[in-house]
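Feature annotation from TrEMBL assigns domain 'DNA polymerase III beta sliding clamp N-terminal' to B:1-118. Sequence annotations record features per position, and here TrEMBL assigns domain 'DNA polymerase III beta sliding clamp central' to B:129-241. According to TrEMBL, the feature domain 'DNA polymerase III beta sliding clamp C-terminal' maps to B:248-362.
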Protein chains: 2
Amino acid sequence: MKLICSKSNLLNGVNIVAKAVPNKTTMSILECILIDATGSEIKLLANDMELGIETVVEGEILEKGQIALDAKIFLDIVRKLPDNDITIVTDSSLKTNITCEKAKFTIIGKSGDDFSYLPSIERIDSIVLSQFTLKEVIRQTIFSIADNDNNKLMTGELFEIDGDILKVVSLDGHRISIRKIILKNHYPSRKVVVPGKTLNEISKILSGDMDKDVSIFFTGKHIVFEFDKTVVVSRLIEGEYFKIDQMLSSDYETKVTVNKKELLECIDRATLLVKEGDKKPIIISISDGNMELKINSTVGSMDEEIDIIKQGKDIMIGFNPKFMIDALKVIEDEEIDIYLVNPKAPCFIRDIKEKYIYLILPVNFTTVA
Amino acid sequence: MKLICSKSNLLNGVNIVAKAVPNKTTMSILECILIDATGSEIKLLANDMELGIETVVEGEILEKGQIALDAKIFLDIVRKLPDNDITIVTDSSLKTNITCEKAKFTIIGKSGDDFSYLPSIERIDSIVLSQFTLKEVIRQTIFSIADNDNNKLMTGELFEIDGDILKVVSLDGHRISIRKIILKNHYPSRKVVVPGKTLNEISKILSGDMDKDVSIFFTGKHIVFEFDKTVVVSRLIEGEYFKIDQMLSSDYETKVTVNKKELLECIDRATLLVKEGDKKPIIISISDGNMELKINSTVGSMDEEIDIIKQGKDIMIGFNPKFMIDALKVIEDEEIDIYLVNPKAPCFIRDIKEKYIYLILPVNFTTVA
């Protein structure tokens, strides 16, 4: 194999596919990036068996062939080479020379035959949305997936299509995040659970451009994202997702309208008194026109008041401050509405059109400072 | 005690003195910052018994007094408060209220009586240089102090004053860094060894301003840095520093003139093949007009050539690439001169006026790629 491409194109491509290289694996071929120049285009591939990424790099193929190179070393070499044309040449013994200007690296590759290609997926069913929208919706929901594997379904996000609505849901047993997106077209109904890891990695690759689209294809076991010159294939999580509709209710006893930034900064301040792992709640007392926030820990105490608009009953309720912060951080509205029922029932932060719903379970508190 | 000061002034002051708060200590009073409002000014103090910092914060003292507060908590609180006036009030039970707008923190302080003040130092002997110069000279030498305590003197830097010359030296047994600074005045001769930790912390506090001066005072056991409204007092390292003059020689067999950036980038590229802890040398072959750099590791090999101007004999010599990189990074010249004798003798990177001298010992190499 012999090929030439510019450093910037190659670096961009390697950075993209490197997202599918596992940190730890016992199969050393999975730690590799495959350079596939057997066809008419230079393709880079990586695949950790759950998630696979393929991208096309512009360049010239002087001699067809393929080679698998250790992803970390290859990325480091490409990154540190001068900003000029890079030539990659392999021989039959898998020795690979990577040259750029007067610098020449020699590393030993692995045979491309051992590499597991992406599963070939029939691309029929698809939806289209902008890269910006997909990147945003992941950011606005990914924080409330479960961080452990106890329940596999909780480690993914529900993507539910119904007509022209895409609903994205994540939950971890303490909170639920729901975002609704209006699509340009109507599509057949569909429900899949996409692994959180896939979404995390894909959001790093997406440009976040409003004018560039992503096509998403579904099959029984896989989801495929196609954008720019890149294809991302991921397994789906199997099983039936939680029935969240029965957890949502529009009844409330108290409705609070509050400036989001003020509330976020106040809760953020309060958390500095809480050491990691310590589960001190922030206690919120709501009365006419006033919200008082208190936290009490071994380190000290904090007490702060915020002006609000209140409808309904007074209430005192405790929350894990981190859960409140996570939700408030990803809401773009300046003023938000919080709906409460009683100190044991979940609170809802949602807009009128329900483009977003954040449900947070309260925590018990016994003593109040 | 009761005082008021702006958040920005207080934060700046706390950030400065926090540099003298030890990370780990068994004496909890050392983890504190003392707010001393017993006099006419608000002073902040921290002291880890080796290094002490005192700074004055502008503000208003409404009731005299003092309190020692946990540095980490205090810094976190000040950092997260709104950008407005902060009021600090203590009562006889050491309970401390820190309020700003509607936010109120309550923490328990420690008695200021337990706090160990900075030693009072007679300030007679002093030299003056700009904050910029001091910050630069620390950056240009601090990397070659020893990172372990086996030889206490190697963990510090020699500050030697002779007439209007300040010479700063650091060495770790494998290399020596020397910088000479011309002072505005002549001073009596003096030699002290300043702990590396002190220099690291002080360089974080220095503004790096060319127009602002630092006064440095010396006593038998201490060094004092005075700048802006801050005083830093540090113990000196006792003992006689190494006689470096006999290690320096101006004889050479080979002189190489090379573009610094090119050489640095080339060695930097080579190191990506070396895993941390692996002691692979970079092998440099110098011939007429050409420097070839090679590295060979379990990962692969690199080979690169650089144009040079050579005087004297050809030579092949091996170096720890990190030591070369450390020195090259802090030299501002575009073209540098490297002086070599033989593969067992140290190389020197120095300018004609010897404003800087970097000595690096070579390493043995047996096989060449």
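Note that Cβ sites are derived from N, Cα and C of the backbone, with glycine treated the same way.
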* To do: Take the domain 'DNA polymerase III beta sliding clamp C-terminal' (B:248-362) and count its residues per DSSP category (helix H/G/I, strand E/B, coil), listing them in that order.
  => 21 helix, 51 strand, 43 coil
* Asked: Average pLDDT across the domain 'DNA polymerase III beta sliding clamp N-terminal' (B:1-118)?
  -> 95
* Tally of DSSP helical, extended and coil residues in the domain 'DNA polymerase III beta sliding clamp N-terminal' (B:1-118) -> 31 helix, 53 strand, 34 coil
